[in-house]
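**Q** Below are the features listed in Swiss-Prot for this protein:
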type	residues	note
ACT_SITE	Lys286	active site
ACT_SITE	Arg360	active site
BINDING	Lys274, Asp279, Asp297, Glu358	Mn(2+) 2 binding site
BINDING	Asp279, Asp356, Glu358	Mn(2+) 1 binding site
Amino acid sequence: MDFSIKGCDWSKGEAKGFLTGKSDCIVLGIFEAQTLSGAALDIDTATKGLISRVVKAGDMDGKRGKTLFLPEVSGIGASRVLLVGLGKQDAFNQKAYNDAATAAWRALLATKVGQVTFTLAQLPVDERGSDWGVRAAILALRNETYRFTQMKSKPEPASHALKRVVFSVDPSDEKAAKLAAKQAVALANGMDLTRDLGNLPGNVCTPTYLGNTAKKLAKDWGLKAEVLGLKQIQALKMGSFLSVARASVEPPQFIVLHYQGAAAKAAPVVLVGKGITFDTGGISLKPGEGMDEMKYDMCGAGSVLGTMRAVAEMGLKINVVAIVPTCENMPGGNATKPGDIVTSMKGLTIEVLNTDAEGRLILCDALTYAERFKPAAVIDVATLTGACVIALGGHNSGLFSKDDALAGELLDASREANDAAWRMPLDDEYQDQLKSNFADIANIGGRPAGAVTAACFLSRFTESYPWAHLDIAGTAWKSGAAKGATGRPVPLLAQFLIDRAGQ
């Protein structure tokens, strides 16, 4: 799909090109109380009051997300007009904009429209410019057009005809909007990879498959990939990671992916993604109902790989290292048992009280491994706890960090990217729940504050660098009729790296 940017100040009569240029449809916003947006006012004049008449007749009340096609419109180059309700003008925010953009794309994708002129990006949204509107609109469109068909014997072809979108933007934002469009496409491509990996079944997306995906990313985008096998992992003394992997016939992999966009001496940001390609719970077996969704337990790994693809396509001037410990968590005659004690790469001994708290066991060795890169920051991403889902639901990812500056950067990125996160506590008092009578630390801390104690466990392995943990158990995928991976938190991670790179 082709995206292009054209500057236009509708209030200064600069709209001639949009009024006369050929297009299948022009998208206009209408607020409640019959208020027309700037572009809608110009189109209304050119069509001799058509928009006003439609609004006054009550056919378009401006309620958020409502759409109305006006066919065979005369006086402008576009053959059709799509009116989109924006809701109340004084309540028009990021969510209202995304709702309006999504409603517009859904209406357009259900038609044979091939070329669209999109004016909503110029609407004022929380003091953001048109470039933000362009990026958000492209991501909303790509979200609507995403389909997972890899496992279908006869995939259905795309049903829409949309090929080209022309965005009208404020002239002062034109350069930034062009960059935003390129970044949005790269980001959407990264999210698509993340969603594809998550949606693949566990018998396809194995640890070896993730390793091969990393190698392909390296080949396609000029990255450097290292994929360590069982013997190399054993040589590194990653006893905690291996305690999870041991009962599966699928060999574990330890993936390290390097992107160098800055000087070699510049400290990298390290992203660590949990890669449990299927989680049965091990000996602490999960209930059968809903266990199929445990293929999504590698979404941390998928989001890290998707972010690396996006970063490489954007060409960010920053160094990034991705680390993915990946294996299955299976029961078996040689599986780790509740009460077993294992030794981590750091040397700390861990009493495994519950084998279904395995994510932290593979992440802790990866976090220790990250020390060798002398990182500027380390962010781990994991579908770590059901407790985080109970606490935050499916809207906010849980953000844990003792570093206020790093946490602030990530929260700013989450707001800019419309990829919500909420900072959770990480007080030292919670560490007491992880005490063990027999080892240095237990892998669970009981039912109270389960998401917090999981993060506290990880914090024991991150003392040498700035660190943050994102628990995406509630945001990485959706259940029910809309079941599927979401691609989150790729937007948050990518925006954080864009900000760090100053781009």
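Note that Cβ sites are derived from N, Cα and C of the backbone, with glycine treated the same way.
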**Q** What Cα-Cα separation, expressed in whole Å, is found between Asp356 (Mn(2+) 1 binding site) and Lys286 (active site)?
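**A** Rounded to the nearest whole number, the Cα-Cα distance is 8 Å.
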**Q** With DSSP assignments reduced to helix, strand and coil, which class does Asp279 (Mn(2+) 2 binding site) get?
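**A** The three-state answer is strand.
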**Q** Can you give me the Cα-Cα distance between Asp297 (Mn(2+) 2 binding site) and Arg360 (active site) in Å, rounded to a whole number?
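**A** Per the Cα atoms, Asp297 (Mn(2+) 2 binding site) and Arg360 (active site) stand 12 Å apart.
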**Q** Just going by other Cβ atoms within 10 Å, which of the binding-site residues Asp279, Asp297, Asp356, Glu358 has the emptiest spot?
**A** Asp356
**Q** A 10 Å Cβ contact count, applied to the recorded positions Lys274, Lys286, Arg360: which residue has the minimum?
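**A** Output over recorded positions Lys274, Lys286, Arg360: least Cβ neighbours within 10 Å is Lys286.
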**Q** Using only C-alpha positions, which one of Lys274, Asp279, Lys286 is spatially nearest Arg360 (active site)? These are the recorded positions in the record.
**A** Lys274
**Q** DSSP three-state call for Glu358 (Mn(2+) 2 binding site): helix, strand or coil?
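**A** The residue in question, Glu358 (Mn(2+) 2 binding site), is coil (DSSP, three-state).
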**Q** Could you check which of these binding-site residues, Lys274, Asp279, Glu358, sit within 10 Å of Lys286 (active site), going Cα to Cα?
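**A** Correct set: Asp279.
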**Q** In the same chain, which residues outside the set Asp279, Asp356, Glu358 have their CB within 8 A of the centroid of the CB atoms that define the Mn(2+) 1 site?
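**A** So the additional residues around the site are Val244, Ile276, Thr280, Gly281, Gly282, Ser284, Lys286, Met294, Asp297, Asn329, Thr355, Ala357, Gly359.
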**Q** If you take the centroid of the Cβ atoms of Lys274, Asp279, Asp297, Glu358, the listed Mn(2+) 2 site, which other residues of that chain have their Cβ within 8 Å of it?
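**A** Here the nearby residues are Val244, Gly275, Ile276, Met294, Met298, Asn329, Gly359, Ile362, Ala382, Thr383.
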